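Per TrEMBL, the features are:
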DOMAIN    5-121  domain 'Response regulatory'
MOD_RES   54  4-aspartylphosphate
């Protein structure tokens with residue numbers, strides 16, 4: 001099987017040597033010591049699957065190199081991972097704006113580097129595999145837009161919202177609805193247990209996930225260049241390609257907000273359903289434990305009663321009681337035992353009522 005190709009772009013011989021040592025066994029590695037050299041090699045016979053691009057270089061920095069890659073029709077599909085000692089959010093935003101898919105901080109950790117390259121290649125393979133589906137979806141979306149109009153998409157979204165039964169289905173429903181506007185999206189749902197990410201183009205890029213997390217509390221709608229982030233409740237959506245036309249962009253801003261706001265209400269219902277299901281499971285386990293304890297209590301009580309009765313009967317001889325006194329004393333003991341049994345049975349009746357309520361909750 002042919003190895004995936006990785007192009008290392010760095011002006012530091014020492015850094016190149018370190019990265020070569022990490023990657024050479026698993027990948028077909030080639031080196032460029034400048035941005036121009038990297039562009040020349042990529043346009044030649046060696047077309048890399050991934051470019052590891054140093055940010056700080058003379059003549060042309062990594063961001064400009066990436067920009068030229070993305071402006072070239074032959075090179076724009078090559079995934080670029082930035083390598084830099086600066087890991088500030090501003091630097092990561094720059095990298096994402098010019099088209100980078102991930103960011104590795106120097107000094108490089110071998111395990112992290114290998115994992116990020118592996119995930120990037122997997123993501124590219126997924127994008128390629130869904131290309132036909134994406135084109136079909138685009139054509140379908142254009143037909144829907146021309147017949148039903150923009151608000152028709154919103155109406156259809158709400159109509160099908162009742163059929164959604166899981167967090168994954170909700171994320172897919174949001175992405176699919178916005179894809180009918182020909183929008184590339186990444187959806188983030190904050191559930192009871194964890195965050196769920198879904199990218200309309202394939203596996204979510206790590207850099208995009210980090211950006212969505214960073215801006216989740218920064219306002220309802222955040223826009224820069226052709227991108228926009230919508231934050232409603234526990235849902236954040238990154239729109240990667242908002243239209244340039246001001247009127248169309250404004251309409252999309254309104255319709256996207258309606259879709260996400262509706263999805264937020266559904267997410268709250270799903271989260272409550274998960275909590276209720278867990279509560280029911282906990283209650284079932286508690287009732288099983290109560291049954292066990294009640295049975296044990298009943299058995300122990302029976303043993304104590306039997307022991308008490310035997311002790312009393314043996315004591316009657318030593319006490320030299322009359323038959324009438326013995327009968328009176330035994331009646332008192334038996335009455336107390338009967339009352340104890342009644343209390344115990346009342347507890348079992350309460351337990352039965354709790355089980356009935358639990359069964360009704362399960363079948364709601």
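Quick reminder: no glycine exception, Cβ is built from N, Cα and C everywhere.
Note on the domain 'Response regulatory' (5-121): DSSP counts are 51 helix, 25 strand, 41 coil. Taking the Cβ of residue 54 (4-aspartylphosphate) as centre and 10 Å as the limit, one finds 26 other Cβ atoms among all the protein chains shown.
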